[in-house]
Structures are given as structure tokens and as C-alpha cells.
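Take a look at the structure set out below.
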Amino acid sequence: MPPLHHHLRRQLRLRSRLAALRFKNVLVAAAFCLTVFYFLSRSESPSEVVLLERHMNSGPPSHPFTVVKSSVDWGDIEYRHPPREQLAQLPKPAGKGGLPRVQHRFGKESSAARQTREERRDAVLQLTRRCWDSYRKYAWKQDALLPLSKDGRGQFSGWAATLVDSLDTLWMMGLRDQFDEAVAAVAEIDFGLSSAPQVNIFETNIRYLGGLMAAYDLSGREVLLHKAIELGDLIYGGFNTENRMPVDNINFQAAMEGSGLLVEGNVVSASPGTLTLELTRLSQLTGDPKYYDAITRVVELFYRGQNQTALPGLFPMFVSMSREDVTTGGTFTLGGCADSLYEYFPKMHALLSGAHPQLAALTRGFMDAAKRYLFFRPMVPHNDDILISGNVNVDQAGVPNLDPETEHLACFVGGTFALAGRLFQSEEDVEVGARLTRGCVYAYKSFATGMMPERLNMIPCERDKPCMWDEERWVEERAKRPEYKPHLPKGFTTAKDPRYILRPEAIESVFYMWRITGDAEWQEAAWDMFQAVAKGTATETGSAAVLDVTVALPQLPLDDYMESFWIAETLKYFYLIFSPPDLISLDKYVLNTEAHPFLRPHP
Ligand SMILES: *[C@@H]1O[C@H](CO)[C@@H](O)[C@H](O)[C@H]1NC(C)=O
């Protein structure tokens, strides 16, 4: 009965909008009190955080716009495979205490420390402005900037990926005019047209949906929620399959017809595993449980399978959503293809205020197994106490073999361990997170350009034994590697992929370590990394990916590409490290895998 259905949905939306309105009034009042309190209690210039609150109430946008409805109403498709049972509802948090505190309790900063921090922050701001200005000038409304040819390129359906991905960064940096201009462009995006016949559900979810919702959470601009719902309904259409498991690629035409999509037999585990946070947040924002319902079945599948794999606690790199099999396979990694599956277990735990016990079990199970099987101490010249996340292949006989290869993508895990360590009150895991993060910082420092290669190999020490440098062993091990090159620093046996493509994961973990421990070591590491990366990637227009970071030429060989995650993630993390620690506090927000902050509901 479509009319009733429509009526219900309208009611739901109306109710959620009213709730949002009430919430906004409370916020306005709270921000006002905060501002007054601030000026009564201190006489210095206002902090960035108060400025952020003030942005929230500072009148209409500077760029007027009209909202253009997408040419397909994704919320109005008749699905061949609607949910069969009653919809799962968002769980209610138990108790009223909330989760344990995540961030360090920062004391008052000396004026010298503040001056240094602000100079560094301004350097990050200037670079971000340059990159944004170039995007605006040469690639406006396209997915990515080509920084060398000064042109733009499509990549993710042509919905202006860099523009949407950058919104919250612009807001946090106080680039208000740029933000408003970008929002006016968002109002015209047509999610009923895709430049590619297949829509990648993972990228669309983390970059576009995540970007829109975070920018809405920060700015309160209704048009962003409106567009997020349009797009969320398209992603929701990806569950229109016989077993209600999500597809990896949405066939745009079939999705529009509602006739049913064919779920793939084999996908990387991060693809279904990285829809959870965004779809949960969308249910929280709209009050409509359907998005959460869709994803909770995927969580259930991973929960049931966690102890049935060849490495109990971890999942194989490839899973089958068509056979609902997440246990068959012998390749295990925290790097590409799997990474954010694991990252989202503790983050979902945070977003749901600990109310879903399966996510606590998934988090603890993965962390225990990762410590046992994947992490190793590499043998390095000065015996630094660091950890590296490697890969494991389980052979026919069920024996796990460590492959001491890591990649930049795996560098997120230090931050995830520190965050989960705080959420589950395990200081031991915070310390493991610190050693993992130091491992990535070490890799940056070791190479001639101060940047870490995309993929590399080291030499593992034996577990639970002293780990001392042995140059002969390095010579032996490197001889077994055809990819070894004589100019590689001591301790490394390959730089299999020598590029640095503007990725965030290492600085992301440094950000978590700084916010969680308050140890100045991390701000210093971040500054070294920023200087190296800013210099190595520099172009006339901003920044470009580097083809080889292992040789320090005066001009590094560059790739004509600036991924949207450079502004969305990498520059944002640098900026936040040099901002007051209550700007995007980890006790208030949880960041998705594209660094988009979602407000954590407070019980
Ligand atoms: C998997 O094993 C862990 C540790 O023994 C346990 O806590 C968890 O509940 C198990 N998961 C399932 C689905 O049985």
C-alpha cells in the first residue's frame, strides 16, 4: 500500500526534523552560554573551538543556492527484495554513564608552545588553501584534480568527490566562504546520473555519504542532510538482493528499476565491512531504522564467523556475500582489502555507545588475534622498540606463516588500538598502538625523502626473544628478495611499491596517539612528517603523488594526481594535531575511515 507507506515515511522524516530542530535550539542556547562563560572567564582571544561554535550561529550562507532534487527518487523505488522480517531498531545504550573517556586531559599550554603550534597549524592551513584553490580553479565539480596538467578527472561517478570530501575540512579550518560556495555546488549534484554504469558502494559510502553527513553534523546546513538521504537511499538499494547482503558494485540501471541486484561471489572483506558506521549514522540522523537494519545483518554474519576462520578472530581477505561465507580463505592482513573492516568494529562500538555486544566481541577478538599473529618486531639498526603489522598465509596443514610485508594502508591500526584501548580500558593496548605508530613513523624517518613507501618488507625478530640488530642477517635476508635495491636503508629488504600517494594512515595514527596520550613526541613526529610530505609532493598548484620516495632527488618524480583523501584526511589530521585538542574531540565524535567526524549521541 504505497500511500500509507509514503505517509509513514513523511511522518518519520517530519518527526526527525522536529527532533533536529529541538536539538538545534538546545545547541544554540548551549553555544551562547559557552561563549558568555568564555568571555567572562578569560580575556585572551577566543579559542578555535569557540569560533567553531560561533560559525554555527552566524547567519545565512554567503553563497545563496536552490536545492535541485536528484532526477531519480532513490527513496521511492519498489524493491524486488524488501526486508523480510521486522526492521532491527537502533539499540538503546544500557546504563547512563556512557563509555570511558578517550582523550588525554590536556593542561594549560605555555605561550611558547602555543606559538609554535599555531605557526605549524598555519603552515598546514596555507597548503590546504593552495590545494583547494587549485581544485576550484582547474577541476571544479570534478572528482579529482590533476595537479601537473592543471585539469580535472572523473573517478567516482562524477559527483565531485574532492568537493564533497573536503567540506568538513574547510569548515574546521574556518574557510567559511569556500565552504558555503561548495555547499551551493552540493545542492546541484544529481545522484540520479552516474558517469559510470557501476557505482562502487564502498567509495561512495565513505567519501560521499560520510562527507555529507559530517559536514551536516558540523554546520547544520539542511541541504547536506537532504543530499545525504538521497545518496543513502541509493546505497540502501545495494541491499536489494536475494539474501539482503550488499553488492560491491551497484548496477545503476538495475538499481533504478528495483528489479533486484546480483550479489557478488567474492569481495574484499572491507567492502561489506565498511558500510556499518555510515548507515548507522544515517539512521540516527533521520530516525529511519532501515539503514541500520540493513547493516546489522552484515555485522551478525561477521560475528557468527569470527571464531570459525583459519586464524580465529581475524577474517580472510576475501569473503563471499552470496554464500554468506566470511570464514573460507587463508590470506590475512590489516592492510588494503581488509583494513577498515577492523577499524569499524571499535568505532561502531563508540557510535552505538557500547550498546551492541557483538561489536565489543568483534573488537576484542580481532585485537587479540592481530597481536598474536600479525604484529612483529622488526630487526632495525638501533633496536628501536617498534611494531609492524605484517601478513599471514595459512597453509594447507593449517600452519600460519608470517610474511613480514607491510603497507602504508596498515598504518591506521596504531590509532585503532589506542582508541579501542581507551574504550575498553586497556592501557596495554594503548601502548601496543603507540609501538605500531612508532613503527610507521620510523619508516617515514628511515627513507631519504622522509616519506614511507606504499609497500615494503622488513625482517621479523623471533617472538618473546631480545631483538638485536644483526647486519649479517640483513645481508642474508635481502639476498632472498629480488626487489632489494642497494640504496635501501638498513633493515629494509624491499620497497616493493616505492610511491607515496598522499595517504593519511600514518598521520592518522599519530593524531590518535596525540589526542589519547598528550605526549609531545607525537606533535614533533607530525611536524617532521608534514615538512617532508609538503616538500616532497609540492607542485605549482598544490600537491601531487610521488612515484619514488626512496631516492632524494632535488625534484622527486611525481604522478599527475591528487586524491580526494589528501584534503579530506591527510591535511585534516595534520591540522587537528596542531589545533586545540577539543576541536573534534574524540569524546564527542567518531571519525569514519575517510576522516569524516560523526557526532556520538550522548546517552
Ligand atoms: C569467539 O571467541 C571469543 C573468545 O573466546 C568469545 O568471547 C566470543 O564470544 C566468541 N564468538 C562467538 C560468536 O562465539
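Indices start at 1 and increase along the chain as displayed.
The backbone N, Cα and C atoms fix where each Cβ goes, and this holds for glycine too.
Taken from TrEMBL, the feature transmembrane segment applies to 21-40.
Sequence annotations record features per position, and here TrEMBL assigns region 'Disordered' to 85-117. Listed by sequence, the residues of this chain that lie at least six past the ends of the region 'Disordered' (85-117) yet keep a Cβ under 8 A from its Cβ atoms are 280, 283-284, 289-290, 292-293, 296-297, 349-350, 352-356, 419, 422-425, 515-518, 523, 578, 581, 585-587, 602-603.
What TrEMBL records for E203 (among others) is active site, proton donor. According to DSSP, E203 (active site, proton donor) is assigned to a helical segment. Sequence-distant neighbours of E203 (active site, proton donor): residues of the same chain at least 6 apart with a C-beta under 8 Å from its C-beta are F156, A161.
Per TrEMBL, the feature active site maps to D339 (among others). Neighbour count (other Cβ atoms within 10 Å of the Cβ, all protein chains): 26 for D339 (active site). In the three-state DSSP classification, D339 (active site) falls within a helix.
The disulfide bond annotation in TrEMBL covers C411-C440. Secondary structure from DSSP puts C411 (disulfide bond) in a helix.
The active site, proton donor annotation in TrEMBL covers E454 (among others). The local packing around E454 (active site, proton donor), expressed as other Cβ atoms within 10 Å of its Cβ over all shown chains, amounts to 20.
Taking Cβ-Cβ distances under 8 Å and a sequence gap of 6 or more within the same chain, the neighbours of E505 (active site) are H408, L409, A410, C411, F412, C440. The active site annotation in TrEMBL covers E505 (among others).
The Ca(2+) binding site annotation in TrEMBL covers T593. Taking the Cβ of T593 (Ca(2+) binding site) as reference, residues of its chain lying under 8 Å away and at least six apart in sequence are, in sequence order, I206, G210, T274, L277, D339, S340, E343, Y344, F412.
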